[in-house]
Each structure stands twice: as structure tokens, then as C-alpha cells.
């Protein structure tokens, strides 16, 4: 600040910025390239002067403004630099193709392993877990007789009606050898729970003939259950396919021409934990020419059906279809 | 001419920014309270952008597990998801603030009636879209909220046809319809926003009551043309607000998620994480709450078993009132004290909204007898009515001094008011000579205090301060601007440090939320630095509130 002294008082006249501005303005006015036109000024007055300054000299604190703009742009650039790693959000996490069935521990939603001996016998609640890929549900059933006692499910031979092929169903696991697991995707047209689900013995009766969807049993299914002498069924309400859970999900009635693939379970008797090991039977999806399935149940692992469930898979109980009836 | 000016001019010419029918802003309007709509819009845009990113991953057939997938497996997925949630929260809160502020200043009056109505419709759409968005999580809280919502609809037989239209197969885990409706409602909000925005620009922001005290409160073209053009000052100011809003939307939820382990009772308000899945055994331990912005509706549902009455009280009457208020309040006065009835309704609406929300949080789903309802809702109504009858509108002369309210006065008055309210409840519960004897002196004290404090509260903003640009104020402004410049430098340094560390944060897992916090802080610094830039470059020494 340029000041003058008047007696005791200091009087400010001009601060340095204004002084520099005046210097700059005067230089510009003398410059032949940007000569100040005094005739125009007389004619147009203040407006001409202001326009002239705006055009040729810029604001009073042009340098300062540049510096400020630099600061803002700097932080803007820094912000962009901060956003860039965030763009990773657009890159989907790697879904690795699986070449073999994983060994998956069955866990509940809190992540703790489920105890085989605690699985209720003949539960009407749909109990499923995803295996081997996400989006592929499997039933987890603890089979019993009509009085609710667990029954030992023996190994048996399953025939694929469509091809006549045979394979061996290994039988139940767990403390009573009564726990079995099958794919919960109907082999006919791929219906999933709740349309396909387990009917415990107390629901395999003529009362289910008139039950609302998805709990209707067909008369053929009832008759087939009687002639095969099985107390409980897996039945798909979409088109009426019926499977025998006691004998490797062998088809009891059509329209299906393939048994449900068996998911192989392993029971660790020391910990009471259950593991899913793999799948036997036909492939989960009817693949191959003319709807004839490939015989290799790992066929869908390599393609893009989903990602592997990994070494743990969660058992869920999405609903009890029978509460409404 | 500097390079930036060249670039700026290039864009200005190409885009015709100054020819757009955008409102030019007078100097005194650069305050957040005049820009609440911009804050809502900022939250809206953030939520739309983050929602579109989530749409890349969300699978409506596996709502819960794909939510978990986004949180746990997608790089920075939890950052995007939590800030999407809080963007919506911010939008709801800011929309309420924006609405009530405009209600009290009478911005719904001529010629802004339609602008107001579109705004109210947008609030309804926002609440609807939020409810549907909340349902997409598929956790136990969301599914039970849908159950409650569906229950309310289905208890009116004529409305049951809406259930499959709105929710589809929600119960069997197919959220496709809810997702589609969520997006459709947001698209409608966007469409209405365009109208709302351009109408607001057309009429311009509400002038201060001091400038235009009567409706229609609009600046003439002539007055308007002298104000600051939209480009660049408004633009700069707007962006400082947008970035600040984004910063808070990013930083708060991620900080909450990072802090972890919030107590359960804060769940409906603060915790950005989803509750357990409804099929999990943990779900049994969760108290089911609706989302916080619907707690008030949920509590009103406890008042009566008749759903029609509930819908009337909780939804239809308040909504109709808000839509019709421009036609009910036909006076030309803008000052709230000249619209006492509407001022009272406004105060009660806010009070009841907050009261009922807190009540719903404390005792969700517990039926309330009518006596208790009266006990809760009558006192605020009486206090408001008496208060408004008591306070007189006084025209302020030019020689009025700016009123002062000392903090000590304020505390003393608050204590007296609380004691008065407490003794009123005591009188209602147990009318005896003792309780009445305590109540009456407190009531007199309350009124005495209220009368003394009336000028500071209601006239402070009216008091005229002669605008004078003294040499001193210019100098102190210069000093402040110098300080602001120093702060900008410091902000740049901090932002650069944060931006450097942000690259080292892992993309998934618990720590990834630090990314959201850091990015939020950088956005806040950016917004703040633009705001300081605005202050330094544009703030004039004679700018004052009018």
C-alpha cells in the first residue's frame, strides 16, 4: 500500500495491485497494436473504456485469477485421479470356468456348517443349496417312512428311460443313511422350486389332487407312488413329472424321460458336517443333439452357466409351499 | 486473452449459454437456502449414476444374493451401493427441506402454482421409487416392508388388482417387476425434473421478501437483465454445491460401514448394510422395520384398523393439502406471519412428521389407543395455535435496529418452554391443584419470554441494515479473500495426498469402504475449493442479504 503521511494520520492512496494494473494499462494504451482510441472514447464514453480494458488488459487481478483457476483445476485433476481406480467397478469380477466339481461344505446363512443329524425328517419346507454352480439348486432331503422315522436309503441301479443307460445311485448318507440330494431342476423343461419340490408322506394323498399350484399332485403320480410303494415323492407342478427320491430320483411318471441327477454327498461322522462332492447321472441340463443328454454330468461346468460355488455352499429354505393349503 | 477465457468463450458461443432462458441471479442469492433445489438435483443425479452402475450387476431373480455379490465381490461395489442408498436418503431429506422452505416463504403462490404441484408429485414419486429400491435388497427388512405395503393395498378389496401389477412374483424371489417399476418411477422423476427445472428458470428464483413482499413475486425482465448471468458465476456456484453434496453422499455411508458394528437400534436410520436374508435363522432376531422414510406411515397404520381411514390420515389428506395449498392460500402476502393458518399447518406438518417418525422408530407396529394419539398430537397443535395467535405481525420501519438474541436468553427460554410442556402433560395426566399451580406460573413465564423474544425470531430477517460500502469492509473482505486463497492451497495439498493414497486401497472387502470415504473427502475439497474460488473472484464488498 502506498501511503502518505498527513500529520499523524496515514492516508492510503494506492495498493500495489492497483498500481501494477495502471502501469499495465498505460503500457497497453501506448502500444501501437492496441492503441487506445481517444476519439471512440469521447464518442462512447465509459463503455468503450471498460470494453477496452476487458479485451486488452483483463481484470485487475488477472494473474491472481489464473492462479486460483490453477488451484481449482488442480483439485479437479486430483479428483479425476481419485475416481480412476473406482472405475474398476465396471470390470466384472473374474468368473473362472471350473473343470471339476468342487468339494463344498454345506453351511447355513451365517456361514456355520449344518449338522447332518439336525436335518428334520420329511420336512415339507423346500430345502435347497446351489451346486456346482451358482443358480443351480439341489434338494437336500432327509427321507423317512410314513410315520416320520428316518429310513436307510440303499444303493440302487437307475435307468435313464430316454437312452436305456444305467448307472448306480450310491444311496443315502448321514447317521441313518437317510440323507439324499438331487438336482432341483426338473429334467423335463427345467422348472425350479417351488414348482418342483418334495412331497412328504402326509401330502401324498388324494387331498393334494385339488390343492392349488404349486402343490397339486396328479392322479397318475398318486397311482405311481402306490404301485412303486414309495411313501414320498418329488413332483414338478409345471407338467406333472414325478421322481422317486428313494431310488435315485428315477422317473415315476412323465413327461420327463430322465432321472434327476444325483448330487453326491459325503458325511463326516466325526464332525457331523456334510459336503457336496459331485454329480452323477445325466447332465444337469439336457444337452446335445436332439435333446439326448450327454452322459457326462460335468458337461455344463465348462460353459458359462454360472460361477463355481467354491468350497462352501449355503443351504436355504426359501419357503414352505404347503402352509397355504 | 488467457487460454481459459478462450476455452470458456468457445463453449459459451457454441452452447449459447448466455442466450439460454436461464435465470440471472442477483448478488444476494448466493446462499445455500436459495439453492436447495440444486442440492436435491445433485443428489438425484448421483443416485441415478450410481444406480446405473448397480444395474450392471443386479440380478432381479436373485435379489439378496446379488446384493451380497455386489457388496462382497464387485470391485468397489459396496462403495457404489452404499452411496446409492445414501444418495436416495439425501434426496428425500433435501426434498423435504426444499419443499418446506418454499412452503414457508410462499413460493407456491402465483405464478409458481404448477411448479409447486409438480414438485409435490415428484416427492411422491421419490418416496415410491425409494420404497421399491429398498425392496430390491431382498433382505428380511425389505421383504417385510413389501409384506406391509402389500397388506395395506390388499386390505382394500378394490385395490388388490394392483398387487400383481406392482410386485409381480415378489414372494417367490422374482424382483424383476419391482426393479422395472423402480427404474420407471425414476425416469418419471427425471421427466418431471426437466419441467420443474425449466419452469423454475423461467420464473426465476423467489426474490427476497424485502424486494417483493407480495405475489406475484417475480423480477421483471428489466430488473433481471442487470443480474449476474448464468455463465460463469451461477455455473461455478452450482458446481461447488453439487460436488459438496456428492462428497457427503460418498463419505458418510462409507464411514459408517467402515466403523462397523453399529448398534441395532440405529439400523433403520444409519446402517447402510443389508439385514440378513429372510430365509436365514438370523432373520428371527431382527426387529422388522420399514425404511426410515416410511416409519411415519407405518406408525399411522397403528392408529386405526380401518385402512381407508389410515390412508386418508397418513397419505391422501396431507398430499391433497400440499397439492391444493396454492389455491387455498389466495392472499397476495408472502410473509409467513400474514399467512398464519398456513404457517401453523406447515409447523404442524413438520412437527408431526418428525414426531411420528421417532414414535415409529421407538415402538414400531404397536397399536395406539386414541387417547394416546390425542396426548401426542394435541400439545403441538395447542402450542402452535396459541403461539401464532399471540405473535403479531409488525411492519418494520426503517429505523428498526437489528434484533439480538443472546445464547443465554435462548437457553433460558428453551428450559422454560420444556418445563411448561412437561407441566402441561402433568396437568393432563393428573389434574390437581398442585399440578395446575405449577403449570400456570410456568405458562405465564413462557408467554412472557415468548413475547420478549418475538422480535429477535420473527423480525430479525426484516430489520434493515443500511447497506454501506465502507473502506473498512472492502479491506476486511480482501483479507478474507487472501485467507480463502491460502485455504485453497491447503485443500489442493490434502486432496493430492488423498488421491495418492486412494490408489492403494483394495477394491473389495471391508477396507474398500475407505475408498468411498477418501473419494467423498476429495469431492468435498473440490466443492469447497470451487466455493472459495467463487468467493474470491465474484464476491462483491456490497453484497448483503436482502
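Just so you know, the numbers here start at 1 and follow the chain as drawn.
Cβ atoms here come from the backbone N, Cα and C positions, even for glycine.
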- Item | Of B:459-478, B:519-538, the range TrEMBL labels transmembrane segment | B:519-538
- Message: At a Cβ cut-off of 8 Å, and with pairs 6 or more apart in sequence only, do we get at least 3 pairs between the transmembrane segment (B:519-538) and the transmembrane segment (B:235-261), yes or no?
- Response: yes
- Query: Is it true that the transmembrane segment (B:307-329) and the transmembrane segment (B:114-136) have 3 or more Cβ pairs under 8 Å, skipping pairs fewer than 6 apart in sequence?
  - Reply: yes
- Task: Report, as numbers and ranges, every residue of the chain located at least six residues beyond the transmembrane segment (B:406-427) whose Cβ falls under 8 Å of a Cβ in that stretch; write 'none' if there are none.
- Result: 375, 379, 383, 435-436, 438-439, 442-443, 445-446, 449-450, 452-453, 456
- Please average pLDDT over the domain 'Cytochrome b/b6 N-terminal region profile' (B:7-209) for the predicted structure. 90
- Item | Beyond the flanks of the transmembrane segment (B:376-394) by 6 or more, those residues with Cβ under 8 Å of it | 335, 337-338, 340, 343-344, 347-348, 351-352, 355, 359, 421, 424-425, 447, 450-451, 454-455, 458-459
